[in-house]
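What TrEMBL records for this protein:
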COMPBIAS  266-284  compositional bias 'Basic and acidic residues'
REGION    251-304  region 'Disordered'
TRANSMEM  20-42  transmembrane segment
TRANSMEM  62-81  transmembrane segment
TRANSMEM  93-115  transmembrane segment
TRANSMEM  121-144  transmembrane segment
TRANSMEM  156-173  transmembrane segment
TRANSMEM  179-197  transmembrane segment
Amino acid sequence: MSSPGASMFTNFTKLCKGLALVLVVGHVLVHFLPATVTYLALIPARTIPFGWNLITSGYFELSVYGVVFSTVSLLFMGKFLEPVWGSKEFLKFIFVVNFLTYLCVFVTAIALYYITRLEIYLYMPFAGFHGVLAGLLVGIKQIIPDQEVLLVKIKAKWLPSIMLVLSIASSFFTLNSAAYLPTLIFGTYMGWLYLRYLQRRTETKLRGDPSDDFAFSTFFPEFLRPIIDPIASIFHRMLCGRSNANIEDHGYTTSGAPLPGSDSAEASRRRERGARALEERLATERLVPPRNKDELQSDALDSV
C-alpha cells in the first residue's frame with residue numbers, strides 16, 4: 001500500500017511517460033549532435049525547405065533545465081487531464097496546439113524581420129515544449145477552475161494569467177526572452193482556442209466550451225473585462241458564425257431554449273464531474289495496488 005505522498009509521484013499515464021521519453025531523447029540527441037538543431041528547431045529562415053520543424057521544434061529542449069521542467073510538468077498535468085479527456089483527445093490537443101503555436105511564432109518572426117530588418121529574427125532557433133505546457137495550463141483552468149493549488153493557495157483559473165504576467169515581467173531582465181515569450185503567449189491562446197471552439201464534447205456531440213466562465217475575458221481582472229469583451233466578441237463571431245449556422249441547419253436552436261451543454265450551468269456541471277472523477281481517482285490510488293491503474297483511469301473517464 002502506497003502512502004499519499006508517494007502516490008503523488010507515481011501512477012503517471014503511459015502516454016505521458018512516452019512523451020516525456022521523447023523530450024529526453026530529443027535533448028540527448030541535440031546535446032551530442034548539435035548540428036541537428038538546424039533541422040529540428042524552428043529557424044524561420046530555413047522553415048521553407050525544412051517545413052517539418054513546425055512540428056519537431058516543440059518536442060525537444062535546448063537546455064537541461066528546460067527538459068527537466070517540461071518532463072515534470074507534463075507528467076503532473078497529464079495525470080490530471082488525460083483521464084478526463086481521454087488519451088486520444090489528450091494527444092490530439094498536444095499535436096494541434098504545438099503545431100499552431102510554432103506556426104504563429106514563424107509568422108511573427110517573419111513579420112518582425114520585415115518591420116525591423118534585424119536578421120536575428122530569421123536565424124534565432126525556437127524550440128521547447130513550453131508552448132504546449134502553457135496550453136495544458138488552460139486545460140487545468142477549464143476543468144478545475146476553483147481548485148486551489150497546493151502551497152500557493154491560488155485558484156487554478158488564474159494560473160495561465162499569472163504565468164504570462166511573470167513571463168512578460170521577466171522578459172525585461174533577460175536577454176533571450178524572444179526565444180520563449182512568443183511561444184508561451186501563442187501556446188496559451190491556442191490552448192484556449194482549441195478548447196473553446198474545436199474540442200469535441202462527447203456528452204453533447206458538439207464542439208468547444210461556449211460557457212461564460214471560459215470566455216477570453218476570464219484571463220483578465222474583472223475591471224478590464226468590459227473592455228476585453230467587445231473586442232473578443234468580434235473574433236467570436238468570426239470563429240463561430242458558420243458553426244452556429246450549421247447547428248441551426250441540423251435542427252438545433254441558438255435562441256429560446258439553450259443548446260445542451262451550452263449554458264453556464266451545464267458547463268459548471270461538466271467541470272464538477274471532471275473534478276470529482278479526478279478526486280475519486282487520486283483518492284483510490286492511495287488504497288488500491290498499482291495493477292488496477294488502467295481500470296481507475298477508465299472509470300474516471302467513464303464518469304465524466
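Here the Cβ of each residue, glycine as well, is placed from N, Cα and C on the backbone.
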Contact call for the transmembrane segment (93-115) against the transmembrane segment (179-197), three or more Cβ pairs under 8 Å: yes
Ranked first among 20-42, 62-81, 156-173, 179-197 for CB pairs under 8 angstroms with the transmembrane segment (121-144): 179-197
For the transmembrane segment (62-81), sequence-distant contacts whose Cβ falls under 8 Å of one of its Cβ atoms, 6 or more beyond its ends: 11-13, 15-17, 19-20, 23-24, 26-27, 30, 37, 41, 90, 125, 127-130, 132-133, 136-137, 139-140, 143-144, 278
